[in-house]
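Record features, source TrEMBL:
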BINDING   289, 290, 291, 292, 293, 294, 295, 296, 387, 388, 389  FAD binding site
DOMAIN    3-132  domain 'Photolyase/cryptochrome alpha/beta'
SITE      320  site 'Electron transfer via tryptophanyl radical'
SITE      374  site 'Electron transfer via tryptophanyl radical'
SITE      397  site 'Electron transfer via tryptophanyl radical'
């Protein structure tokens, strides 16, 4: 029987450690490597030019690698449900392979394709390689629910076998056994589009700080592993000014697009640690960033509403404000706080910011200052951040806004002090906000406090050349902490916790209780009541902390007598 395979590339844009691609090659007479791109999606999706450029570069690199093996990448325009029936017939396909996608949308899409393939008599083979572990197994070991604290997640992972070892790259010998003739019109039919073809304007677009592709990923990995002091240390490296800039050893966008296998990174770190430390087994802390990625994937895999408040069983229902003008100022780096504006400018220009910078701007937008929903911030990151994927992006925003996983709402990042501690000289601000470059260190983080004569001498008058602070941080943070306190007090009340239990939980752990527990539908009732409270609070313009506290208490008592007995 003739075996004609199609391997469907999605996230796993690489030839190393690609078990699904290996299955496509196994015993096949012909293999075609396909990437399906919907040209209409480019204009409609909330994905910015830097992310599209990274993807196209990754596809170009993949095509170049396949060329060296006498093959090519077939980029097909359209949607999978429309494309595959045509390809199945045109190429007489008998086998379809692809990498397992653990996210809800991906699982639904892939289920439809598997069913379609069966109708065409096409065998489907799916292999996991985007995550270290089998997420369903983790959930099974946690009484069939995802662990919602990182500590619990680590406990379960520590009981699992080590991740499967990565597979070697595809070889010329493997590809020669199933050689597929490439037509002379391949570039006309299956070429990788340009940014211009996708509708983006590229005039004045600066060179990419992060270039996409497997080749870049492996080169960065090599440099990353040369930093032996970091790799073998149990402590996080000290964050300084240099940490805030894009690093030539950074890997997160390459993991997100699958240009680098997470298993290759895992085992390289593990083996280097064992070689240098002379120990049999490294601690889990060595793999912290990889494990946080797995943690959020596990929490999201069976929750199609993970990226929103509505219908999300693990998300605290906080009555955020609706303020499009304030959101735009934050997203465009016009808040009047140089530290925040520099971070958002770097994000928009380069597509990456340091994780502590992410903490700063996320806190500022949500519980720290502006009291705007994490959903809005998540969408901005989805557009601009190269390494933003559905699970990790949504999970991080819920965490940083104290909507899930984390409840230390009384800790807020100061948009002046936090930046000053990280970069005392303010050079990072001068780099991304050059209008402030002539301000002395003393005023670079709070130019509004500089004397008017100094502002004029620096050729940047606050309120004219650079915006005034859009909010009083001290007042807004105090108000928002009180708001969060009210939310969590009501949450602890309807969960049946005593005040002392609430205080102990608040002080003892950075994670909120598991909100997926339902007792006779009680949670659904509370959600409805909380929705009523949100509407009441939005309709009431409070002018002081005391008024807010009393109004929330009175209003909650009125609308939820069932829970205040």
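Including glycine, each Cβ sits where the backbone N, Cα and C put it.
When other Cβ atoms within 10 Å of the Cβ of residue 295 (FAD binding site) are tallied across all protein chains shown, the result is 25. All chains included, 23 other C-beta atoms sit within 10 angstroms of the C-beta of residue 293 (FAD binding site). Close to residue 374 (site 'Electron transfer via tryptophanyl radical'), meaning Cα to Cα within 10 A, are the following recorded positions out of 289, 291, 295, 320, 387, 389: 320. For the pair residue 293 (FAD binding site) and residue 397 (site 'Electron transfer via tryptophanyl radical'), the Cα-Cα distance reads 13 Å. For the domain 'Photolyase/cryptochrome alpha/beta' (3-132), residue counts in helix, strand and coil come to 59 helix, 29 strand, 42 coil, using DSSP. Counting every protein chain shown, 22 other Cβ atoms lie within 10 Å of the Cβ of residue 320 (site 'Electron transfer via tryptophanyl radical'). Using a 10 Å Cβ-Cβ cutoff, residue 389 (FAD binding site) registers 21 neighbours. With a 10 A radius on its CB, residue 397 (site 'Electron transfer via tryptophanyl radical') counts 27 other CB atoms from all the protein chains. Considering only the residues assigned to FAD binding, 289, 290, 291, 292, 293, 294, 295, 296, 387, 388, 389, the longest pairwise Cα distance works out to 16 Å.
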